[in-house]
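Swiss-Prot annotations:
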TRANSMEM  38-58  transmembrane segment
TRANSMEM  75-95  transmembrane segment
TRANSMEM  107-127  transmembrane segment
TRANSMEM  130-150  transmembrane segment
TRANSMEM  164-184  transmembrane segment
TRANSMEM  240-260  transmembrane segment
TRANSMEM  277-297  transmembrane segment
TRANSMEM  304-324  transmembrane segment
TRANSMEM  338-358  transmembrane segment
TRANSMEM  382-402  transmembrane segment
TRANSMEM  415-435  transmembrane segment
TRANSMEM  468-488  transmembrane segment
């Protein structure tokens, strides 16, 4: 049903971000700071303002739909947006020194494009229609393409941008084709209306199933799941590390939100069809991601394949949410996936933060061997690396262990014990390459002369907080986990 009243207040964060991003762009054009300090500070201030606004909306129970149902505000969107603001702010702080030393601040494009990419992510998170899903996705993707190619004289980065652009266009084509078939079958673009039509049995079933296949393929690409993962290692390795950090953070949250909105909000009535697809993608991602990561010598490439395997766990959680007649089990499964995604992004930020910390003018810390002897140079940062690798491997008492345990509990609750066993086996295989990094850090001799760590006190302090959170959330995961489950319950009424 079309709404005659448009409530702009619901979309205050997006409107505010658009205005502030344009203001940052204009101020940058007349700024005299060669290192773009003004633009940097204004970007962080923008993120702080957005965090306050979203917290205010959430605490006051602001929710609803506007723009004819194309935009949704609920507790799910509030949580993911606030997490995205924090992730982007951490990204900008970590990458500041790196961007300066790589001449990436000749203009203020790095900060403005990051804010515009965030705007696209926010639209994806609050999407209530196939149209808004696609508009948000394209806004985010176009900004990310430009960010990867920001160093115009870097041939490797330009190649990575071209690969991402071509394959991203293909994935967008899959999504568009799938959306067109869903629209043709149901006669609606609004996700709530699509769900209603499917539930009433009025939709044309055959084209709808084909539409789901194309939608899942497009979603798998954006998440980086096998067999649509081919862009992940090349783009992660080829991009400047500061941009790789941007790619591995908030965009993953937006892709997860898009997946949940489309499959749970819009296509929940056909869960039996997409559940089997997600399970296949999950097992393939766990297998290919972990087995391929073992042979990598490039640290960024290893983390890329690690990302693929972790997306397998997220997809397992989403597939496990399809439990007929058990709304509590479904909420727990989707909540576990949300918890996993948030904590994974937290760990990824710190992992690439370490790479940025160890990189300096004329030296890229990209090889695993570049971490040799880190314990001798900086025992504290070596300890952070140990915490990160143990968490990614799923070793207690770190948050990665609890995140995987929650997913496995959801998988077993849904009756797929064999899948849980497979996931555990591949996690054990994956532990090898994480422990190899720890071995290099603590037991190998450094291959080069010690050099001072090129990072400010703010960056080192933030990295320490980042590492501490991984331990604290592992020891006390209950609060965040309960919040994730509650957010799912209140935001997805169809469960």
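Numbers run from 1 along the shown chain.
Keep in mind that glycine also has a Cβ here, set from the backbone N, Cα and C atoms.
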Positions whose Cβ lies under 8 angstroms from the transmembrane segment (415-435), at least six residues beyond its ends:
279, 282-283, 286-287, 289-291, 293-294, 296, 302, 306, 309, 312-313, 316, 319-320, 323, 389-390, 392-395, 404, 407-408
Flag the pair the transmembrane segment (338-358) / the transmembrane segment (240-260) as in contact if three or more Cβ pairs fall under 8 Å (sequence separation 6 or more).
yes
Maximum Cβ pairs under 8 Å to the transmembrane segment (75-95) - stretch from the list 164-184, 240-260, 277-297, 304-324, 382-402
240-260
Please work out whether the transmembrane segment (107-127) lies in contact with the transmembrane segment (382-402), by counting C-beta pairs under 8 angstroms that are 6 or more apart in sequence and asking whether there are at least 3.
no
Go through 130-150, 164-184, 382-402 and flag the stretch with the largest number of C-beta pairs under 8 Å relative to the transmembrane segment (240-260).
130-150
